[in-house]
Amino acid sequence: MKFTLTGSGRMGQQVADVINRSGIHEIASILDDRSVVTAESFLGSDAIIDFTVRDAFLQNLPAMLQSGVPVVVGTTGWDDQIESVKRRVIESGSSLLYSANFSLGVNIFLRTVREAARLIAPFDQFDIAFTEHHHTGKADFPSGTALRAAEMILSVNPRKRTIVRELFDDRKITADELQVGALRLGSVFGKHTAYIDSEMDEIVISHNAKNREGFASGAVQTAKWLAARHTASPGFYTMDDFLNEMLA
């Protein structure tokens, strides 16, 4: 497969390294913040992998969709535009797969957290909270992965109804609120933890990324999957769609 990469930051460089070391894939082009992006920028590509920033992704989206090349997006921070993006993808007849985190380990972790949140739902003595820890260069907080985890918890645990990102002064959290804490420190690639607590027990479920290769490898793997189904089944996809098919 031939890939066009949009974004030449740390994740873009890691994806390029995975592709170059694969022995079977190649890079058609790399577009950075100095590139003028048009539909023609993606000619000769089998898939696009986007790791940029919110504004760049939204600005480049029309050209990517117009090109007809399937797009895998790891850029985060645009969740408020997700319904608009879904609509544009469907109207274009193209394909886009979005995930805040392409690590297979993280996605297995997320499903484990969701199942744990479902299991404790009938038992009032158990409470649940979530934290994430990333390097100081990460711009968005809480991370897209943490917010995805929070949404999954809320979807299966009716005792939690809203997400609280920060607590100020003497404000106390209420029983129906799910706290999602964020820490920016050092050079941590990414650590996500769910805490389940009662007066009698504590359950801790955690995922700690050792490097960025897991994210990059997952992005390449999902791009292959998306390209294979793009012609017959275009549309908007998530990591759940990929995993559901792989685990079927």
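Positions of Cβ are set from backbone N, Cα and C atoms, glycine also.
Sequence-distant neighbours of GLY74 (NAD(+) binding site) (same chain, 6+ apart, CB under 8 A from its CB) are MET11, ILE49, ASP50, PHE51, SER99, ALA100, ASN101, PHE102, PHE215, ALA219. According to Swiss-Prot, the feature NAD(+) binding site maps to ASP32, GLY74, THR75, THR76, SER99, ALA100, ASN101, PHE102, an assignment based on sequence analysis.
Here Swiss-Prot flags HIS134 as active site, proton donor/acceptor. All chains included, 25 other C-beta atoms sit within 10 angstroms of the C-beta of HIS134 (active site, proton donor/acceptor).
What Swiss-Prot lists as (S)-2,3,4,5-tetrahydrodipicolinate binding site is HIS135, GLY144, THR145. Cβ environment of HIS135 ((S)-2,3,4,5-tetrahydrodipicolinate binding site): ARG184, LEU185, GLY186, SER187, VAL188, PHE189 lie under 8 Å away, each six or more residues apart in the same chain. The secondary structure of HIS135 ((S)-2,3,4,5-tetrahydrodipicolinate binding site), as reduced to three states from DSSP, is coil rather than helix or strand.
LYS138 (active site, proton donor) has a Cβ environment of 16 other Cβ atoms inside 10 Å. The feature active site, proton donor is assigned by Swiss-Prot to LYS138.
If you take the Cα of THR76 (NAD(+) binding site) and the Cα of THR145 ((S)-2,3,4,5-tetrahydrodipicolinate binding site), they are about 9 angstrom apart, rounded to a whole number.
Ranking the binding-site residues ASN101, THR145 by other CB atoms within 10 A of the CB puts THR145 at the bottom. The distance from the Cα of THR75 (NAD(+) binding site) to the Cα of HIS134 (active site, proton donor/acceptor) comes to 16 Å. Here the Cα atom of HIS134 (active site, proton donor/acceptor) is found 11 Å from that of THR145 ((S)-2,3,4,5-tetrahydrodipicolinate binding site). With a cut-off of 8 Å between CB atoms and residues at least 6 apart in sequence, the same chain places THR76, GLY77, ASP79, ALA100, ASN101 near GLY144 ((S)-2,3,4,5-tetrahydrodipicolinate binding site), listed in sequence order. Cβ neighbour count for ALA100 (NAD(+) binding site) (all protein chains, 10 Å cutoff from its Cβ): 22.
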